[in-house]
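Here's what TrEMBL has on this protein:
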BINDING   GLY224, GLU225, SER226, GLY227, ALA228, GLY229, LYS230, THR231  ATP binding site
DOMAIN    32-80  domain 'Myosin N-terminal SH3-like'
DOMAIN    131-559  domain 'Myosin motor'
Amino acid sequence: MGKNDPSDDPDPSQYLIVSLEQKRKDQTKPYDGKKMVWVPDTDKCFLLGEIQSTKGDVCTVAVKGDERQVKKDLLQQVNPPKFEKTEDMANLTYLNEASVLHNLRERYNSNIIYRQVKKDLLQQVNPPKYEKCEDMSNLTYLNEASVLHNLKERYENQLIYTYSGLFCVVINPYKRFPIYTNRVVQMYRGRRRTEVPPHLFAISDGAYTDMLSNRENQSMLITGESGAGKTENTKKVITYFATVAASGYKHKFSTGCLITCGLHVLRGSGESGAGKTENTKKVIAYFANVGAHAPKPGEEKKKGNLEDQVVQTNPVLEAFGNAKTVRNDNSSRFGKFIRIHFGPMGKLAGADIETYLLEKARVISQQSLERSYHIFYQIMSGAINGLKEKLLLSNDIHDYFFVSQGKTDIPNVDDAEEMRLTDDYYFVSQGKTVIEGVDDKAEMMVTDEAFDVLGFSAEEKFDIYRITSAVMHIGQMKFKQRPREEQCEPDGMEEGERVAHLLGLNAADLYKNLSKPRIKVGNEFVTQGRTAAQVSYSIGALAKAMYDRLFKWMVKKIE
């Protein structure tokens, strides 16, 4: 496609705005504010009903019913249509239990099912003019049923963003919508929230505007279940700020004084699959757009400038801190607090990241449908020519137990693209090693390029890969128990020699310190014998500690 091909920047209206035709259809629905209510339902949470009568604290409510399916051996013959709602059932051709029940039911309610519901369980229905409302704080009746109905109706019309007062509710569509393009960025730049449809960019722009006008720090909290899209939306916010900043965005409140405030993006909590990751990425993307420096005429954009570096923190943090879980193919397994700093004219000045609670246990153990951290599979994808050979890795992820206990691939994700087959290493092959739709090769290349943009030297990159692969190798070190002794010994030295080579250690010393560590007793050091089981625990602890310290060092280096 050409650079200005319209298909690269499609019209996002259908994903953001309710069409006039749909509005007319919705607003012509019959409505009686005194009778129409929401009725609790075990299958659909709430159903639209109409109060027929009230007696004490009990209401009789009419609710539309659904047809039922019955097992074949329970079926009974049906009477011809001319007997529908007959006044005298003695005239029925087939006088059976089903026909009697059907006729009585049809005559009683004429396709309406009546049920009695306690009055305090009913919730009022909003007028049709509020159908698919953009801001639920405007609803006449703001109750649980109305919120659920409004979100459901908007979601079914591909409108995933909805306001609720100061909050923006996002529902993960589990598909890509063209609502984060440059065309959309321009829609929201410098616009009031009421002038544009609900969107994460509107929240981001509002925070940026308030920061400039009030000279105060602004915070954005992105929270939700795991897989809701928190990380992705954070990335989108960062990209937004980078884009707007690069275009030399000027705000009417900008002055020459120093802005000592900034924006805080706290990646919130939530269940797996809610989308914390996606929403966080979107927020950061927006801010990067707003505050970046505009290149001078004729000046080429330099690789690794501040805006690029802010955006490129995500691929590195995701590679080393995200993993596939049962509910989310790209679940963040650590918490992060991101600060974005701006200069006197609102241009991007820097950023820093605080991370906490990295899930170290995932380094050595995964559930059957999960993976360890993405970086292991990206390295094993072979994206970078000759890297696996330098790291002494085989071509099978299952050779490495620590990373192949669960799922080793992800559908629709190319690990080689992020870094550039993974099946030999125990620590990272206990679960699923492939994710459908994820190209680990492509992901590996993205990760490797991000290191370059962030200013990592070739030596530092290789050191990172060496330590990461050493974690995989260390899970293959074997020890056997000596007969009738509380002491183990190496069961082969090959893997230990690989670990020692990668870490710059002496293999004999490595085995000795694992099987016969020196411990301090009082004022003296003594050698303690270890069993095979004890050494196995030590190996796991060592692998987790190595990975955790590597992760923390990278975060510090990025800052």
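Just so you know, glycine gets a Cβ as well, placed from its N, Cα and C.
Source: prediction; values computed, not measured.
When the binding-site residues SER226, GLY227, THR231 are compared by the number of other CB atoms within 10 angstroms of each CB, SER226 has the fewest. Here the domain 'Myosin N-terminal SH3-like' (32-80) has a mean pLDDT of 68 out of 100. A 10 Å cutoff on Cβ-Cβ distances gives GLY229 (ATP binding site) a total of 32 other Cβ atoms nearby, all chains included. In this structure, the binding-site residues GLY224, GLU225, ALA228, LYS230 were compared by how many other Cβ atoms lie within 10 Å of their Cβ, and the smallest count belongs to GLU225. Under DSSP, GLY227 (ATP binding site) is assigned to a strand (E or B) in the three-state scheme.
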